[in-house]
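Trainee: Pulled from TrEMBL, these are the listed features:
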type: SIGNAL; residues: 1-22; note: signal peptide
type: TRANSMEM; residues: 128-145; note: transmembrane segment
type: TRANSMEM; residues: 152-170; note: transmembrane segment
type: TRANSMEM; residues: 176-195; note: transmembrane segment
type: TRANSMEM; residues: 202-222; note: transmembrane segment
type: TRANSMEM; residues: 252-273; note: transmembrane segment
type: TRANSMEM; residues: 310-328; note: transmembrane segment
type: TRANSMEM; residues: 348-370; note: transmembrane segment
Amino acid sequence: MNKYIKHAFGIIIFLLSAFLSAALADSIPQPKYVKAKVLEVETFENEGLAESQIKEISQDIVLKILSGKFKNKVIFVEHMASSMMGGEIILKPGDKVILYVDENPSPAESPDGSPLFHVADYARDVPIFWLAFLYAFLLIIIGGLKGFKSLISLLITIALIFLILFPFTLWGFNPLLVSIFIAGTVSLIVFRIIGGKSAKSLSAAIGTILGVAIAGILAFAVGKMMHLTGMSTEESRILLYSMNLKIDYQGLLFGSILLGALGAVMDIGMSIASAVDEVRKVHPDANFQNLFNAGMNVGRDVMGTMSNTLILAYTGSALPLLLLLVANQVALSKLLNLEMIASEVVRALAGSIGLVLCIPITALVSAYMYSKERKEV
């Protein structure tokens, strides 16, 4: 009976999330984009001001629209990019691009009222799909059934993020609480799928949840002490000022710290639980102390590399910002007190502390469960 109740509860949560996602999508105006292929290009260069060395590049482009209600329509677009700004979109025949469609232009922009098209960016979806397919293929070929289960768990994680985390956060729920729910749910589901119903999966899930919870609590406490607002990034400011979304940005920061550490903590939790499980299989008479020591030994071996993984991941994401600050010779005393830097430091250190504490927690829980099984037998 409990099994059916759990399934029913899961279905209700899924349907509620899907409904809220659809309602949210309807409530926010959606810009219209279509894919197009470049047929002809004529390029013009203007050197601009000699002292500033700014090169203006404009292009007259003929494109064929490949999607949407304007599909197969051939259009002409004037496109301009400046080398000063970087990230120019210099097109050539055969390129595929994403066009922004303005179906209600002003009379000054379009006297006859016809829609206007603007080049938004290169079309990059096809390479992304191929890369994702390659990843899934290798996961199944190399991992076999375990790889297939890993793929399923990954899809469930993505679904939880898109169907619960995003819509509930945008609807005004506390992002930190939503992130805690996501972290706990992902841990339980993923470990159950990969490891089945076993002491190994349960101990790994407990170690992961407690490790991530400690990271979140620590980040919250330190963030409050440091007066972190969550408004240090351009994206947060756009959400607040341009879209006028009423979100707890401080909670969003702490929630991102929690979720950012989840993958690494899950990895180390399962590694330790698996190690204790293998020791128990080889030495069925191993006592609590032997099993705990085995888990701790494995944890110490992987602790250094996994901590480096978190630190390097956060450093890599903030690398352009760090280079900008170093190039401008910002003083260390100022650097450490910038909110954008302090947020990244808290993110990396809190996640690493949660990862380190996951080791003894998982080893302790695993050793207790397996030693208890031995006594019961």
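Any Cβ shown, glycine's included, is placed from N, Cα and C.
Just so you know, TrEMBL annotations never went through curation; they're auto-generated.
Just so it is clear, the model here is predicted, and its values are computed rather than measured.
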Trainee: Verify whether three or more Cβ pairs under 8 angstroms connect the transmembrane segment (152-170) with the transmembrane segment (202-222), leaving out any pair fewer than 6 apart in sequence.
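Mentor: Answer no: the transmembrane segment (202-222) and the transmembrane segment (152-170) share fewer than 3 Cβ pairs below 8 Å.
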Trainee: Same chain only, please: residues at least 6 beyond the ends of the transmembrane segment (128-145) with a C-beta under 8 Å from a C-beta of the stretch. Say none if there are none.
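Mentor: Distal contacts: 151.
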Trainee: What residues elsewhere in the chain lie close to the transmembrane segment (176-195), defined as a C-beta under 8 angstroms and at least 6 residues from its ends?
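Mentor: Distal contacts: 146, 149-150, 152-153, 156-157, 160-161, 164-165, 168-169, 201-202, 204-205, 208-209, 212-213, 216, 220, 248, 251-252, 254-256, 258-259, 262, 266, 270, 273.
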